[in-house]
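Working notes, beginning with the structure itself.
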Amino acid sequence: MEGVDHLAHERNKAQFDVAVMKAVWAGSRDAYELFHRFSRLVANDPEMFIPAIKAQATEEQQKQWLPLANKMKIIGSYTQTELGHGSNVRGLETTATFDPKTDEFVLNSPTLTATKWWPGGLGKIATHALAHARLIIDDKDYGVHGFLVQLRSLDDHLTLPGITIGDIGMKYGSGAYNTMDNGSLIFDHVRIPRNQMLMRLSQVTREGKYVPSNVPRQLSYGTMVYVRQKIVFDASIALSRAVCISTRYSAVRRQFGSHNGSPETQVIDYKTQQARLFPLLASAYAIRFVSEWLNSFYKDLLQRLEAKDFSTLPEAHACTAGLKSITTSVAADGIEECRKLCGGHGYLTSSGLPELSAVYIPACTYEGDNVVMLLQVARYLMKTISQLKSGNKPVGTTAYLGRAEQLMQYHSDVLRAEDWLKPNVVVEAFEARAARMSMACAQNLSKFNNPEDGFQELSADLVEAATAHCQLIIVSKFIEKLQQDIPGKGVKEQLGVLRSIYALFLLHKHIGDFLSTDCITPKQGYLANEQLRSLYSQVRPNAIALVDAFNYTDHFLSSVLGRYDGNVYPKLYEEAWKDPLNDTSIPDGFHEYVQPMLKQPLHHGRL
Ligand SMILES: CCCCCCCC/C=C\CCCC(=O)SCCNC(=O)CCNC(=O)[C@H](O)C(C)(C)COP(=O)(O)OP(=O)(O)OC[C@H]1O[C@@H](n2cnc3c(N)ncnc32)[C@H](O)[C@@H]1OP(=O)(O)O
Ligand SMILES: Cc1cc2nc3c(=O)[nH]c(=O)nc-3n(C[C@H](O)[C@H](O)[C@H](O)COP(=O)(O)OP(=O)(O)OC[C@H]3O[C@@H](n4cnc5c(N)ncnc54)[C@H](O)[C@@H]3O)c2cc1C
């Protein structure tokens, strides 16, 4: 019935202050603001073009271009990836050749694989590209740099001479990413003034002299680092959206279990449903909190870079790359699991889940393929370990590697299931697992004469070690979050339950790592799982309130299954009747194609 809250009985069970939990979830940034930007981003791509100009352009160039971009007087596309190269930025083929006679760069796509391919907004709407191309001076290749290139007339939007642009076509399903005009672009000797090479980091003089950057060349990758830390926050939003839908629906849906006319069982009360759903609920909160930490770490990096302090740049790269990889994989897989948790109705477009999945899953690829990103983390870990011998004391997220010797001797002292509720017990186990996996890789690497050959040969193990490292970061940041002052009745307690679920679910999922590195015994693994089951029972009465705390409107969720009032069935039915197929009783084509078959006489019992 309209106006009735079918989930009121669930909300009345809450054992904590939901208003405070909403504030904890919203944190320092408005979730709507960023996620809406993500949604708008699917339609346009100013979110990279502008940061890239800030990161790579001189003050003078920023003064010229930023006002135009900010006021949408020009529409930019971050045009880096090509048909033949995306992950390998140093492999890009587009060239920008300096012509001293005219003080210009000539941009050209020398091969088909040099065609720019995928950049958002490029296909139909962008008027300008921040094109990444190999800088060539006097036949010498100085590597990939950024160039501002006008693509279309600002009068009639027609493409300019030497520019061939197109959309790359439909993408995955009918998802909203098809509102994004990811495009292709070929340059045929397009000339731009020299001052349209972004010259904050390195310059080309009028005489054609290359002035190399006096800062780490990787700062030219700064926009990717910026977006990756944003993507971690978006992962928490996308996953929490799916968890909200599937949790509310799990409380509404009843299936089996009726005795003597009693109501059937709510599927949220099945232990299998809880074992699938509650770790995702905990993961949404875990990712939200690690994104908060990562954002503050990134802001600290920016301040340091202003002061030419590059000391945390390697760690910032490793953390943004690794956490982008882990959190987008968890969110993408989690959204699909939430669809399955809703049974058949989860497959309906009106559930909101297929669309959310179709829009979200490329996050595992864009801004750095997730495996390629974890390999970057692995390189960082191996380098950190290699420097231990020279007395280099790791700090920050790799500080535990400074205690590697001690961690190699670690054995968990868990005796009872409730021992696994102690944050220090959990952190020690995760540190030991990560340290032993990385140390084992480093040891195996040392057996190879050529370190690069070793790295390739061991890359699958290295990815697992990098994963363990990133999961340790997320667990640690969740624990640190709860060491802050958090007011409100029962709020910190509930977050403590979610923190333990997140950690013990990972321990259970990766029990092979913990056993094979001899960090815990099978019995201790069993106790962790025992504790996990008990924790699910503690979350159960608070589940609806915990997803209410995401504070998403029905409009934002756009899901019949995830409605705040739980009034699912009438709305499912109502929504179905909006489908154009139901405008007529007899479907188009029936008379032409189906009816003749039905009317066909039977011949000897055969049609
Ligand atoms: C505001 C946005 C809101 C949210 C938006 C969400 C929606 C977004 C939707 C769509 C946008 C998608 C846009 C894109 O996809 S843009 C294109 C993205 N492309 C990539 O991410 C390419 C990935 N590849 C790379 O980043 C690099 O090629 C690489 C894999 C890192 C390798 O680079 P390279 O070969 O130069 O470097 P090496 O591996 O040899 O390493 C050399 C040393 O450099 C260090 N390094 C590498 N990268 C960085 C970095 N970014 N920062 C700092 N340091 C870096 C590396 O660690 C090595 O260091 P060492 O000490 O070992 O020498
Ligand atoms: C929706 C969407 C939007 C995008 N928007 C933009 C944009 O606005 N601007 C832009 O420039 N680009 C954009 N891209 C492109 C995107 O950045 C690239 O697709 C991404 O960086 C992955 O690179 P790739 O396609 O070359 O993958 P590849 O690297 O070719 O990946 C293919 C496989 O090879 C594996 N692999 C690659 N290298 C290694 C290695 N060294 N070791 C082990 N395995 C390896 C990968 O793990 C993967 O399994 C977008 C892509 C998508 C899907």
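Cβ from N, Cα, C; glycine included.
These figures come from a predicted structure and were not determined experimentally.
Listed in TrEMBL:
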- Glu367: active site, proton acceptor (ACT_SITE)
- Thr81, Gly120: FAD binding site (BINDING)
- 48-75: domain 'Acyl-coenzyme A oxidase N-terminal' (DOMAIN)
- 221-382: domain 'Acyl-CoA oxidase C-alpha1' (DOMAIN)
- 423-599: domain 'Acyl-CoA oxidase C-terminal' (DOMAIN)
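Structure coloured by features recorded in TrEMBL.
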residue: Thr81; record: FAD binding site; Cβ neighbours (10 Å): 19
residue: Gly120; record: FAD binding site; Cβ neighbours (10 Å): 25
residue: Glu367; record: active site, proton acceptor; Cβ neighbours (10 Å): 23
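Of the recorded residues, Thr81 (FAD binding site) and Glu367 (active site, proton acceptor) place their C-alpha atoms 10 Å from one another.
Secondary structure by DSSP for the domain 'Acyl-coenzyme A oxidase N-terminal' (48-75): 21 helix, 0 strand, 7 coil. Gly120 (FAD binding site) and the residue listed as 'active site, proton acceptor' are 12 Å apart (CA-CA, integer value). Listed as Cβ neighbours of the domain 'Acyl-coenzyme A oxidase N-terminal' (48-75) (distance under 8 Å, sequence separation of 6 or more from its ends, same chain) are residues 120-121, 125-128, 130, 146, 148, 150, 154, 195, 198-201, 219-220, 222-223, 226-227.
When secondary structure is read from DSSP and collapsed to three states, Thr81 (FAD binding site) falls in the coil class. Taken together, the residues in the domain 'Acyl-coenzyme A oxidase N-terminal' (48-75) have a mean pLDDT of 96 on the 0 to 100 scale.
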